[in-house]
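Taken straight from TrEMBL:
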| type | residues | note |
| --- | --- | --- |
| BINDING | Asn57, Leu186, Ser190 | Na(+) binding site |
| TRANSMEM | 20-39 | transmembrane segment |
| TRANSMEM | 51-72 | transmembrane segment |
| TRANSMEM | 174-199 | transmembrane segment |
| TRANSMEM | 211-229 | transmembrane segment |
| TRANSMEM | 249-266 | transmembrane segment |
| TRANSMEM | 287-310 | transmembrane segment |
| TRANSMEM | 330-355 | transmembrane segment |
Amino acid sequence: MFTPKLEIMLEPKVWREAATQVFFALGLGFGGVIAFSSYNKRDNNCHFDAVLVSFINFFTSVLATLVVFAVLGFKANVINEKCITQNSETIMKFLKMGNISQDIIPHHINLSTVTAEDYHLVYDIIQKVKEEEFPALHLNSCKIEEELNKAVQGTGLAFIAFTEAMTHFPASPFWSVMFFLMLVNLGLGSMFGTIEGIVTPIVDTFKVRKEILTVICCLLAFCIGLIFVQRSGNYFVTMFDDYSATLPLLIVVILENIAVCFVYGIDKFMEDLKDMLGFAPSRYYYYMWKYISPLMLLSLLIASVVNMGLSPPGYNAWIEDKASEEFLSYPTWGLVVCVSLVVFAILPVPVVFIVRRFNLIDDSSGNLASVTYKRGRVLKEPVNLEGDDTSLIHGKIPSEMPSPNFGKNIYRKQSGSPTLDTAPNGRYGIGYLMADIMPDMPESDL
């Protein structure tokens, strides 16, 4: 952990996977953060929340890294001790058979209880003396560095390396149960945010029942997940991880950055933050959001695309006859699946743009689901809301009474108005509008 291979940091794949780890850890690009934030109060200190979550995530990652390397180091030591014991017994057999002379073994070394340093000393002596015959002895060097350098990641880390290491723990059944309970809770916790990012915008837009939609999403995800529990499931896990999560997620985050900084405008966004927080955020965020982050993300995306183009898509397949892994290229249908995963993941972006740009869906329902966000205010587009304010209070339909006038800024607090909360569901809906229009009315009536 503290002596890394710095040359690996020159590979674009490492940085792409590091960026993906940050996106997954903080929930960026999935929509979960935006969905949860829509329930916040208007004057919620999102700056404090963002800084706090970032630091908690950082220290949690460091803690998890220490745990992972400690377990892998423990496993490497156990395997290395077994290797030394087995090879020491082999050397003693050669000594009894006369294949190795007893004179070359230092007198202070007892092969029955040999240490790692003494074994390496004996190994080097035998290698020098039996230079030509040494390969036929089939002795291993048993260096712990070789065991530590074996790359273990993904499912192999969780279900093979950790599982094997915990069999050597004291009270190993207890730690095994705790470990897999942690994995289950980790998966559930991740899916809460992911499903919320899917359900919330659909419920807000189409006004469907949240319970039914949640069940449908979970059942659909369960059916797709059955692909991963086949005997070939690990190959599909690798495929989805490489092409459904990594590259599309990077593209989505870049588009979010561009949308906020260059389409909506970073200056207007900073003004909105100042109005919500009550103080101006540091200019550090301005330059990071507008210049540094887009350049770094675009560079990472270009390097990743170039790297993927130079190295054809493939996977590490287990060859049963050879009892080893080999890198194989995806078949034609596999390439089609890989391309489809990337396309489907980013397809909503151009589709929604085309629908909004050419007004392909005419929303004349008159509900508050369709809104336009301009400079921190929420404006209803299809209907001209004018007239009496009390129709919404008395439950009259629009045909009977004119709609209230929402001409004033209803997103920001009006000058001179009391401190107001959002609607009970946390959104800027009817509750906030009525509180702004009729500040003297009790909150229970609203």
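All residue numbers here begin at 1 and follow the chain in the order shown.
Quick reminder: no glycine exception, Cβ is built from N, Cα and C everywhere.
Positions of TrEMBL features highlighted on the structure.
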residue : record             : Cβ within 10 Å
Asn57   : Na(+) binding site : 14
Leu186  : Na(+) binding site : 11
Ser190  : Na(+) binding site : 15
Env. residues of Na(+) site, Cβ within 8 Å of mean position of Asn57, Leu186, Ser190 Cβ: Phe24, Ala25, Gly189
Ranked first among 20-39, 51-72, 211-229 for CB pairs under 8 angstroms with the transmembrane segment (249-266): 20-39
Distant-in-sequence neighbours of the transmembrane segment (51-72), which means Cβ under 8 A and at least six residues beyond its ends: 1, 25-26, 148, 152, 157, 161-162, 165-166
